[in-house]
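**Student:** Got these off TrEMBL a minute ago, pasting:
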type: DOMAIN; residues: 602-694; note: domain 'DYW'
type: REPEAT; residues: 83-117; note: repeat 'PPR'
type: REPEAT; residues: 186-220; note: repeat 'PPR'
type: REPEAT; residues: 287-321; note: repeat 'PPR'
type: REPEAT; residues: 388-422; note: repeat 'PPR'
type: REPEAT; residues: 423-457; note: repeat 'PPR'
Amino acid sequence: MSEASILVSPFQYTNSGIHSDSFYASLIDSSTHKSQPRQIHARLLVLGLQFSGFLITKLIQASSSFGDITFARQVFDDLPRPQIFPWNAIIRGYSRNNYFQDALLMYSKMQLACVSPDSFTFPHLLKACGGLSHLQMGRFVHAQVFRLGFEADVFVQNGLIALYAKCRRLGCARTVFEGLPLPERTIVSWTAIVSAYAQNGEPVEALEIFSQMRKMDVKPDWVALVSVLNAFTCLQDLEQGRSIHASVVKMGLETEPDLLISLNTMYAKCGQVATAKILFDKMKSPNLILWNAMISGYAKNGYAREAIDMFHEMINKDVRPDTISITSAISACAQVGSLEQARWMDEYVSRSDYRDDVFISSALIDMFAKCGSVECARSVFDRTLDRDVVVWSAMIVGYGLHGQAREAISLYRAMERDGVHPNDVTFLGLLMACNHSGMVREGWWFFNRMADHKINPQQQHYACVIDLLGRAGHLDQAYEVIKCMPVQPGVTVWGALLSACKKHRHVELGEYAAQQLFSIDPSNTGHYVQLSNLYAAARLWDRVVEVRVRMKEKGLNKDVGCSWVEVRGRLEGFRVGDKSHPRYEEIERQVEWIESRLKEGGFVANKDASLHDLNDEEAEETLCSHSERIAIAYGLISTPQGTTLRITKNLRACVNCHAATKLISKLVGREIVVRDTNRFHQFKDGVCSCGDYW
């Protein structure tokens, strides 16, 4: 059927004698296509009705509803002396179609024409002010509302609440709301004030007002529920969020798109990514917000591979990503640790509109550093033209992760020469770099320099300094720093001290640090393992047994060591003593070959750090089955000679495996890059980049 055949032509009524305003008004109201108001206007011109304020108002409203704001303005301008109704219609049309500046301009022209606004003018005018976050203009309109006597009109007051919320003036929004008598507070009023607090980072206040609303027996609509869900999402209150989900289903609103988006975001941010995915799959055409919620939800909850797959799927479905999508995908690549995937991500960004985005450039630098290539990170840094403190700090942190203190300090000096002031992240990177290189004097100097920039050290800064001092043997000084901290020492601080005590076998201070850790974080297995390792290093085997008994009583098990090696862009994972791999027999033969070569090379296993008091033969067998040893073996049989092996480990590298990997790199003529939970180790020709200081 052609377009013309579905349109009602006014010309067919020419001979019927029907020319009344009411007839053409009904015809305009029944328009179902953008071209119909234009056709009707042409007929009005023939009949001489083009100056009818009533009909022109109808035409403006109809054209605006179809988004044809240009035609709406044209018919408005043809009116010689428009009264209030056409003015309201054109202001509403601009505001409804988000032409906020034009709406305010028309209001100015309306005042110059000496046409006084009414209660229908102000809601759309206030929406325009809010859309532009134009507080000054909004206050001017508010003054007019008061001067013209509309301060009791609930629709105008709702508009004022929304305006002040958009302009982040919650006190003003609350004052307007409180000024409404209780009987006149509609669901729109309540929703406006709840949304005001929810959207401005005040979730607790939003929920308190929502509770008051429920006590007044006001039934929430879907808009209110969206705001409440956003508040529970901010608080990560999964239980209450689920209760709202139940209410949504009970009210039959589960197909409302905005509610689905809010529910999806709530579950994703609360770590329930499987539930979020179920809701996501219900959407026929998920919008960008939903894609972002899923990708960031996966990335933030340890499902990095799923986040990357989701990003690829999004691109394949021609959904254009924004900075949130891209930074979430970059973060996921950093977690996975695949350099090949990182390079793909960098190439994608370079072809996109975000190649010069400073925030994304910073994320790429961080990604490459965490994927083991500080050289690629520096390449991104060098090509970034507009370097702010975030970009400089990202590169300094990258050097810190790799223990390249000289490079980090040199870059800091260049940053100072560029006139860029450091922030807390800058100093964290410098402290990490000094810590991983054993540069105590330099690290202490940078720590004290923070005060010169009016930066207060946080827990991470203190943890770096404690680790720096402690590992260098200055345990008493490290403890003094802890005692002088202006904030309560956290897990990272006491953990750094316990680790240092284990290294230097200072049992008494180590036990004190462990007790502090147990009181703060009693369910963390790692603290018990650290204490047990301290006792093992001091050969206090009876106390090792006591720790293991306590762990068993609490139902705590030592984390299983896992390592991943990247082969042709894929990560293959291995656990301690893993025998499940299809190529297990080949891997086992390679492990045996490595061990025999190590013995020939004079390698002697370090058995002091074992959790058990094992005999020498048992200890040696246990250490040989560590996951990184298996990952190295698989990498050697799966890649060509000379290929760099890139390994990621979920635990800190042990003394034995670190020493063994140094020798392996020399024996097989390979560079081996290992990323543990603490830092990167680059093994080459029998030497590690950490200088055996980690």
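Counting begins at 1 with the first residue displayed.
Backbone N, Cα and C atoms are what each Cβ position is placed from, and that goes for glycine too.
Remember, TrEMBL labels are computer predictions, not curated facts.
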**Student:** Short question: which residues 6 or more past the ends of the repeat 'PPR' (287-321) have a Cβ under 8 Å from it?
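**Tutor:** For the repeat 'PPR' (287-321), the sequence-distant neighbours (Cβ-Cβ under 8 Å, at least 6 residues beyond its ends) are 257, 260-261, 264-265, 267-269, 271, 273, 276-277, 280, 328-329, 331-333, 335-336, 341, 348, 352.
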**Student:** With Cβ-Cβ distances below 8 Å as the criterion, list the same-chain residues six or more beyond the ends of the repeat 'PPR' (186-220) that contact it, or say none.
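**Tutor:** Long-range Cβ neighbours of the repeat 'PPR' (186-220): 154-155, 157-158, 161-162, 164-165, 168, 170, 173-174, 177, 180, 226-228, 230-232, 234-235, 247.
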**Student:** Averaging the per-residue pLDDT over the repeat 'PPR' (186-220), what integer do you get?
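**Tutor:** Taking every residue of the repeat 'PPR' (186-220) together, the mean pLDDT is 91.
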